[in-house]
Amino acid sequence: METAVATPSPPTHLALERAHHDPRDAPAAPPLVPATRSRSPDPEPARARKRQRVEAHIASYLIQFPDPDPSLIPGPSTDPMNGHSTNGNGVRSSPLALGNGTGNGLAKHGKAPAVSTIHLPGTRLYQDLFMDREEFIRLVVQSLRDVGYSESAATLEAESGYAMESVEVSQFRRYILDGLWPKAEASLSRLFKGNEEGLCDARFLISQQKYLELLEAKKTTAALQVLRNELAPMNTEAEQLHTLSSFLMCSDPEELRQRTGWDGASGSSRQQLLNDLQLYIPSSVMIPPRRLATLLHQAREYQNSRCVYHNSPLESSSSSLYTDHHCNKSAFPNTTTTILQGHSDEVWNMQWSHDGAYLATCGKDKSAIVWKAGLSSETGHPIEEWSTHQILRDHPDFVGCLAWSLDDSILLTSAEQCIKIWNVKTGVCLETLTEHTETVTALAWLPDGSGFISGALDGKIIHWNADGKLHESWGITPIRVTDLAITPDLTRLVTIGMDRKSILPPQPRPGPGAPTSNINNNGGDQSSASGGTNGTGNQGNGATKNINKLIIYDLGTKRPEFSVTLEGELTSLKVSQDSRYALINLAPDEIRLWDLDTNHVARKYTGQKQGKHVIRSCFGGIDGNFVVSGSEDSKVYIWHRESGILLEELTGHGEGSVNSVAWNPRNERMFASCSDDHTIRIWEAPMRISSLESAHRGAEGSGLGLGMANGKGKGKGVAKQRWDGPVQSEEADDLKVDEPSSSARR
């Protein structure tokens with residue numbers, strides 16, 4: 001059905017120059033009203049000629065997919081000028097043509113006024129931008145409808161002459177959402193003309209939805225007919241057809257929905273079907289859902305990726321479409337706010353609990369300490385009251401590895417060949433595991449919390465149940481494992497280590513404070529923890545250079561899916577939260593970002609010093625935007641992950657290596673570092689310092705409560721701290737929490 005085309009009155013001199021006038025001098029425009037088909041009787045032919053209507057376009061359809069017939073794409077007109085006039089500069093607007101010729105915005109007899117179609121020259125949205133006006137208008141119309149402004153969308157379609165989509169596409173959308181399957185299938189034949197493969201796939205998706213809905217409605221006979229007469233003849237794979245037929249055995253709709261992961265006819269399944277079908281239809285014919293919002297989201301993500309200090313959530317209230325995104329450096333955590341002192345020797349490793357409320361540290365003093373992080377007051381002031389929660393002793397040797405369970409109730413520690421399982425609440429050791437024959441170098445819980453995996457220099461990878469029972473041993477791997485990590489999506493196990501077949505010089509100890517090349521083939525210590533060689537492998541007769549490998553295993557099959565030899569000592573490994581990247585520390589002086597999907601180096605980070613000791617790096621910030629690493633020059637280095645730009649070189653630790661860093665998983669503006677100087681530093685944004693000082697001044701010397709060590713588990717001693725240094729109780733001489741004085745802050 002076709003309606004008359006609304007034609008504006010001939011432009012006057014005033015109308016042509018309207019864009020140059022001060023808008024404050026112009027009379028108020030009548031309200032925008034959606035177009036109407038109603039016609040009031042009018043005996044005057046002159047008025048009848050001036051009456052304007054809305055143009056509605058009914059297009060013909062695709063001739064050859066994927067290039068759609070231009071007539072299928074909604075457009076303003078079909079005249080040789082494509083609906084564009086040449087009598088202006090592209091910014092002219094004309095007043096609405098009212099049905100009764102009055103200027104009060106109301107149609108005669110209460111009828112809605114028609115909206116004139118405005119013809120602009122050219123096809124660009126702006127003359128200096130390569131952006132198509134029609135595409136932009138159609139996206140705006142879609143967005144207006146998405147948020148509920150249907151009348152405004154209709155008015156814009158009428159005024160611009162651009163329809164969001166053709167009548168055929170609108171009908172197809174309605175057929176799918178209303179479950180009118182015969183009509184939807186009939187529309188497919190026209191929309192997919194010339195694309196037989198896409199047509200077949202689309203028919204299968206519709207028949208599958210129809211089949212499931214019939215089963216849900218307990219119309220088993222009709223569902224069986226669809227399975228036999230529609231799905232089976234489509235050359236469906238036997239396994240897929242078998243799966244579909246098994247759904248006939250479901251006893252009730254709830255079991256069907258549970259087995260299929262499908263939410264039923266009354267859920268979102270039809271909308272999802274429409275989204276799936278849309279993949280086969282040219283986007284110029286059927287606009288993808290929420291397209292303008294998607295483009296704005298992509299633009300914001302791009303700006304975030306270009307902001308080297310970006311560290312705020314995407315949904316942050318500070319984010320606005322009115323301005324380009326830019327994060328202030330003052331919100332970046334580059335200032336020490338707390339110094340934790342409790343270890344009597346080098347601190348080698350650390351890990352935050354999943355809720356960010358506790359920090360576990362371990363090292364050369366054969367102990368692990370669980371620190372309770374400070375909390376904010378009810379008024380929101382950050383009163384940082386750090387305290388010790390547990391001190392876990394009774395390890396036979398240096399403690400090199402830590403791992404929190406998914407619910408943070410269990411902490412794993414390793415010392416040489418043994419693994420200990422601790423109850424964090426009570427400080428009691430629940431189990432001691434001794435399956436490994438050489439130093440345990442890696443512990444990692446499965447992301448689902450069902451168990452954990454350990455790796456060691458003996459080449460073994462062992463899967464344990466959560467209670468410490470041996471689940472499965474992977475046997476002897478090709479490498480002496482120095483670290484491993486499980487991807488959060490539970491698909492891969494990533495490992496690094498030294499090839500067992502090579503003639504090996506001394507190998508690394510588990511602790512970051514230990515040298516990278518000072519353990520012999522039997523795991524024995526060849527030098528002090530602070531000495532040793534640089535890992536070149538040239539000590540001793542017959543020694544050759546180490547062959548270091550990255551091996552990626554399929555976690556389900558336990559088979560290697562990729563292996564590569566890398567130059568340099570591989571000392572630590574972290575995997576990103578999106579399971580896409582692995583961060584690998586190499587000696588000398590390099591960190592690599594490895595793409596696990598393409599199996600190539602995505603980025604290299606340099607500047608830190610690493611030659612003799614194990615240094616552990618990590619991802620940090622919102623979405624892992626930063627790469628953070630310790631260094632043998634006593635500094636902490638921070639890079640922007642995407643660009644590789646070195647952002648910060650943080651000083652503060654004493655002499656020796658900064659061995660490990662860890663970013664708080666619940667506070668994007670806090671991370672910790674540990675060092676050979678026996679301390680742990682908490683780093684936060686400098687903008688919080690003033691509020692911290694005021695909070696402590698208001699506390700008038702109120703102390704920080706610390707649980708003191710009694711040899712096993714936690715003690716009862718309390719030390720009171722002030723900003724200008726610790727004032728210890730007699731019981732607290734071996735454990736301190738320092739809040740840096742103003743002069744100590746940078």
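Including glycine, each Cβ sits where the backbone N, Cα and C put it.
Marked as compositional bias 'Basic and acidic residues' by TrEMBL: 15-25.
According to TrEMBL, the feature compositional bias 'Polar residues' maps to 79-92 (among others).
Annotation comment: TrEMBL describes 516-525 (among others) as compositional bias 'Polar residues'.
As annotated by TrEMBL, compositional bias 'Gly residues' applies to 700-712.
Under the heading domain 'CTLH', TrEMBL lists 165-222. Mean model confidence of the domain 'CTLH' (165-222) amounts to 91 (pLDDT, 0 to 100 scale).
Marked as region 'Disordered' by TrEMBL: 1-52 (among others).
Summarising the annotation, TrEMBL assigns region 'Disordered' to 65-110 (among others).
Among the features that TrEMBL reports, region 'Disordered' is placed at 501-541 (among others).
Residues or ranges marked as region 'Disordered' by TrEMBL: 694-746 (among others).
Feature annotation from TrEMBL assigns repeat 'WD' to 340-372 (among others).
According to TrEMBL, the repeat 'WD' annotation covers 392-432 (among others).
Sorting the repeat 'WD' (433-465) by DSSP state (H, G, I as helix; E, B as strand; all else coil) yields 0 helix, 19 strand, 14 coil. Marked as repeat 'WD' by TrEMBL: 433-465 (among others).
If one looks beyond the repeat 'WD' (623-649) by at least 6 residues along the same chain, the residues whose Cβ comes under 8 Å of a Cβ in the stretch are 305, 308-311, 332, 334, 512, 576-578, 581, 583, 585, 591, 593, 603-605, 607-613, 615-617, 655-661, 663, 671, 673-675, 677, 683. Per TrEMBL, the feature repeat 'WD' maps to 623-649 (among others).
Annotated repeat 'WD' per TrEMBL: 651-684 (among others), in sequence order. Proximity of distant same-chain residues to the repeat 'WD' (651-684), defined by a Cβ-Cβ separation under 8 Å and at least 6 residues beyond the stretch ends, is recorded for 311-313, 331-341, 343-352, 354-357, 359, 361, 363, 371, 373, 384, 386, 511-513, 530, 613-622, 626, 628-632, 634-636, 746.
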Inset, instruction - Write out how many residues of the repeat 'WD' (651-684) are helix, how many strand and how many coil, based on DSSP. - result: 0 helix, 18 strand, 16 coil
